[in-house]
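Engineer: Dropping the structure in here first, questions after.
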Amino acid sequence: MEGLFDYAPAIALFPLAAFVIALAFGPKLPKKGAIPGIVATGGSLLLSLAMLAAVAGGEEGYYHETLFTWAAGDAAGEIGTDAIEFTFGILIDPLAALMLVIVSLVAFLVHVFSLEYMNAEGETGLPRYYAGLGLFTFSMLAFVYADNLLMAFMFFELVGLCSFLLIGFWFRTRSAPSAAKKAFLVTRFGDYFFLIGVVAIAATFGTVQFAGEDSFVAAAAAAIDDGGQLFGFDAETWVTITGLLVLGGVIGKSAQFPLHTWLPDAMEGPTTVSALIHAATMVAAGVYLVARMFGYYALSPTALAIIAFVGGFTALFAATMGVVKDDIKQVLAYSTISQYGYMMLGLGVGGYVAGVFHLMNHAFFKALLFLGSGAVIVLMHHEQDMWKMGGLKDKAPVTYYTFLAGALALAGIVPFSGFWSKDEILYDALIVGLEQPLIMAAYAMGLIAVFFTGFYTFRMVFLTFHGEPRTETAEDPHSVGWAIKAPLLVLGVLATVAGLANLAPVAKLTGAEISFLEYWLDGEYGGLEALTYHSYHETVPFEEGAIGSETTTMLLGAGLSLGLALAGAFTAHALYNVPSPTRHTEKLGGAYDVLRSNYYQDEYQVWLAEGLTLPVARAADRFDQTVIDGAVDGVSSVSLFGGDRVKRIQSGIVTNYAALLVAGFIALLIVLGFLGGWFL
Amino acid sequence: MDVPIEYFVLLSMALFSIGLFGILTRRNALLFLMSVEIMVNAANVNLIAFAFYHGNLTGQVFALFAMALAAAEVAIGLGIVLVLYRNFRDVDVTVPTTMRW
């Protein structure tokens with residue numbers, strides 16, 4: 001089994017090859033590059049599964065290998081002793097193996113789905129599309145098994161570039177290029193902090209490795225134990241600062257408040273791309289990064305509390321905006337932001353397993369929902385407004401039931417996967433929140449968001465599939481083929497049963513050992529010593545409380561969140577599950593305008609750019625033009641003027657030159673004489 | 001030989017000053033050339049005098065070189081004077097003033 005790990009690089013290289021093939025030969029291929037993409041991602045999926053088996057069955061249970069050193073220097077770190085090295089390496093531990101499977105599975109299904117969504121719809125520019133998908137998958141897979149922070153950063157950036165290329169796929173429209181630019185710029189803003197964080201970590205600890213003896217995580221833990229100073233700060237404060245800098249990139253990529261504004265606009269890309277971005281690649285990259293270097297964040301209670309609070313706030317904030325959207329993809333976009341908020345909340349309170357569990361479940365059900373909405377869009381001849389749909393339930397049963405499974409998982413209704421992970425996150429937040437008021441506030445926001453999630457999810461389901469058809473296209477929808485149905489079915493099954501991976505509440509009640517994911521991430525089946533849930537849990541500095549006993553707390557939390565989710569779903573049922581639903585949004589009054597305008601987030605960010613940054617930039621430009629350029633120009637004009645005057649001594653008369661020579665010689669003689677002390 | 005070295009230096013200074021005066025005051029190119037020659041010979045006098053004073057022959061060899069150099073210089077200088085005369089019908093050095101800014 002161990003020998004399998006030697007093939008690990010191929011996981012990412014397959015999609016890269018597909019990218020090259022699609023780019024070079026795409027126009028000549030029968031499906032314009034779809035086949036290489038499907039084969040490559042299928043190969044990646046098989047290899048990833050093999051990695052999963054190798055991690056579980058191997059003796060060491062992980063793979064950590066440096067493949068290429070591209071820069072090595074002197075020991076430059078504040079406390080690092082070894083020479084700093086920048087390398088490309090592969091780290092496959094239980095977390096990375098799990099994520100590899102998720103990413104390659106979703107990418108594979110998206111490729112298959114594209115056969116019908118893109119090829120059959122007669123799109124142009126398909127080689128470009130498949131090349132983009134291939135590069136996207138490659139970047140994400142390489143990011144997932146990166147063994148150091150710098151490599152992770154590079155592929156993080158590449159993921160951002162690919163999202164730009166794919167969101168702007170329909171570049172002839174007005175909105176798509178603008179959305180692509182926005183996604184690129186907003187995430188780049190966050191990545192700027194990430195870059196500074198990488199540099200700070202490298203400069204502090206002299207290493208950027210994630211795992212092993214010489215990782216920056218271990219170095220940071222040792223520095224905190226020593227109680228020394230780093231760059232004039234407490235070791236712990238410095239860890240918090242650098243952790244938060246890296247978190248900037250996470251907030252940008254995972255669309256957390258306040259850098260979430262790019263994500264809804266990113267719906268301008270093809271729906272398949274949205275599925276890939278939101279379920280498995282770009283947005284997941286942020287949360288995955290937090291999980292990857294969780295040992296580092298666990299050292300800093302402040303950073304964790306900030307992660308938790310931002311997550312909880314984003315969960316509620318985005319969920320409220322999702323309530324009033326009419327576009328099916330927009331609803332899903334806000335639900336994505338909200339769900340990633342939950343993951344951040346889970347990780348922030350130290351619920352490493354809960355966060356990763358939700359990341360996995362979300363990948364399945366959100367890919368399902370996006371592909372389902374893609375199917376709906378095909379059914380509706382590219383209509384995305386839910387008010388023009390209705391009654392699709394009977395005409396497209398496969399789409400309906402799989403979409404329903406995804407919706408139930410998203411809303412967190414027992415026993416679908418989303419319930420188990422969301423409940424675990426909320427439980428982890430609750431027990432920490434009982435001791436920490438700030439976390440309690442984050443928990444409360446997460447809990448309220450459950451109601452909104454249930455509401456908007458089922459509003460979407462009812463408006464799309466239930467009631468009477470509201471337009472002619474809804475009465476006579478386009479049919480969908482196997483390439484759409486098969487991925488939906490696979491994901492539908494996964495969204496339903498993925499919760500079985502970690503039935504923590506059931507395990508606690510019955511005492512049965514069935515929380516497999518926890519054991520998996522705990523390294524019971526193999527893994528690195530320091531990267532287990534157990535060691536993280538010991539590092540996390542939060543106290544845990546309970547209402548009564550642990551079981552009561554758990555049941556209370558689960559009951560509360562399930563009750564709220566059901567309340568949301570039934571509210572949506574009462575309002576929208578009627579033959580001809582009407583808009584109820586005007587009853588919200590002023591709140592409707594605020595929600596509809598996304599809390600004026602875009603407006604204030606545009607104001608920040610135009611009202612604040614632009615004048616500052618103008619002032620800087622003026623300073624540059626006048627003071628800096630003025631000084632440079634001044635020097636040159638003084639030289640010019642001086643030269644113009646001095647050249648007049650060149651009279652062309654040899655006698656004058658001779659006289660000047662003699663005068664100069666005499667002057668020199670006198671000066672030297674004075675300096676040499678002749679006349680003293 | 002018991003002429004003191006000061007006399008040689010004085011002679012050389014006098015020759016050099018005469019040459020310098022000629023360069024600064026004369027306008028005739030030929031006189032210019034002659035003045036330059038006088039200055040070169042002032043230097044030669046110094047070279048030989050100090051070589052003798054130190055009992056070292058290097059200075060005298062140098063003086064021979066300087067004479068050869070002066071001969072070459074005169075040849076070029078006369079050539080220039082000739083061209084000057086052809087172009088301007090005059091050997092006044094203040095006439096050709098076009099070679100300037």
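A Cβ is built for glycine as well, from the same backbone N, Cα and C atoms used for every other residue.
OK, TrEMBL features for this one:
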DOMAIN    A:82-130  domain 'NADH-Ubiquinone oxidoreductase (complex I) chain 5 N-terminal'
DOMAIN    A:146-436  domain 'NADH:quinone oxidoreductase/Mrp antiporter transmembrane'
TRANSMEM  A:6-25  transmembrane segment
TRANSMEM  A:37-57  transmembrane segment
TRANSMEM  A:95-117  transmembrane segment
TRANSMEM  A:152-171  transmembrane segment
TRANSMEM  A:273-291  transmembrane segment
TRANSMEM  A:303-324  transmembrane segment
TRANSMEM  A:331-357  transmembrane segment
TRANSMEM  A:400-420  transmembrane segment
TRANSMEM  A:440-465  transmembrane segment
TRANSMEM  A:486-507  transmembrane segment
TRANSMEM  A:554-576  transmembrane segment
TRANSMEM  A:657-679  transmembrane segment
Engineer: What parts of the chain pack near the transmembrane segment (A:303-324), using Cβ distances under 8 Å and only residues at least 6 beyond its ends?
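Structural biologist: Contacts with the transmembrane segment (A:303-324): 239-240, 243-244, 247, 251, 255-257, 260, 290, 297, 330-331, 333-350, 429, 432, 436, 438-439, 441-446, 448-449, 452-453, 455-456, 459, 540-542, 585, 588, 592, 595-596, 598-599.
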Engineer: Give me the stretch from A:95-117, A:331-357, A:440-465, A:657-679 with the greatest number of Cβ pairs under 8 Å to the transmembrane segment (A:400-420).
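Structural biologist: When the Cβ pairs under 8 Å are tallied, A:440-465 comes out ahead.
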Engineer: Residues of the same chain, at least six outside the transmembrane segment (A:657-679), with any C-beta under 8 angstroms of its C-beta?
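Structural biologist: For the transmembrane segment (A:657-679), the list is 649.
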Engineer: Report the listed stretch (A:6-25, A:95-117, A:331-357, A:486-507, A:554-576) having the maximum count of Cβ pairs within less than 8 Å of the transmembrane segment (A:440-465).
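Structural biologist: By the under-8 Å Cβ criterion, the transmembrane segment (A:440-465) pairs most with A:554-576.
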Engineer: Using DSSP, how many residues in the domain 'NADH-Ubiquinone oxidoreductase (complex I) chain 5 N-terminal' (A:82-130) fall into helix, strand and coil?
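Structural biologist: The breakdown for the domain 'NADH-Ubiquinone oxidoreductase (complex I) chain 5 N-terminal' (A:82-130) reads 31 helix, 8 strand, 10 coil.
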Engineer: What residues elsewhere in the chain lie close to the transmembrane segment (A:331-357), defined as a C-beta under 8 angstroms and at least 6 residues from its ends?
Structural biologist: 95, 98, 250, 254-257, 260, 263-264, 266-267, 274, 278, 283, 286-287, 290-291, 294, 297-298, 304-319, 321-322, 325, 366, 369-370, 373, 386, 410, 420-422, 424-425, 427-429, 432-433, 439, 442-443, 446, 449, 452-453, 456-457, 459-460, 501-502, 504, 515, 517-518, 521-522, 533, 536-537, 540, 542
Engineer: Taking A:6-25, A:95-117, A:273-291, A:486-507, A:554-576 as candidates, which has the most Cβ pairs under 8 Å with the transmembrane segment (A:37-57)?
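Structural biologist: Out of the listed stretches, A:95-117 contacts the transmembrane segment (A:37-57) most.
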Engineer: The transmembrane segment (A:486-507) vs the transmembrane segment (A:95-117): three or more C-beta pairs under 8 Å (separation of 6 or more)?
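Structural biologist: In contact, yes.
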Engineer: Let me spell it out: take the transmembrane segment (A:554-576), skip the flanking residues so only those 6+ beyond its ends count, and list any with a Cβ under 8 Å from a Cβ in it.
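Structural biologist: Sequence-remote neighbours of the transmembrane segment (A:554-576) are 411-414, 419, 422-423, 426-427, 430, 447-448, 450-459, 461-463, 466-467, 505, 508, 547, 584.
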Engineer: Note the mean pLDDT of the domain 'NADH-Ubiquinone oxidoreductase (complex I) chain 5 N-terminal' (A:82-130), expressed as a whole number.
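Structural biologist: That region's mean pLDDT is 84.
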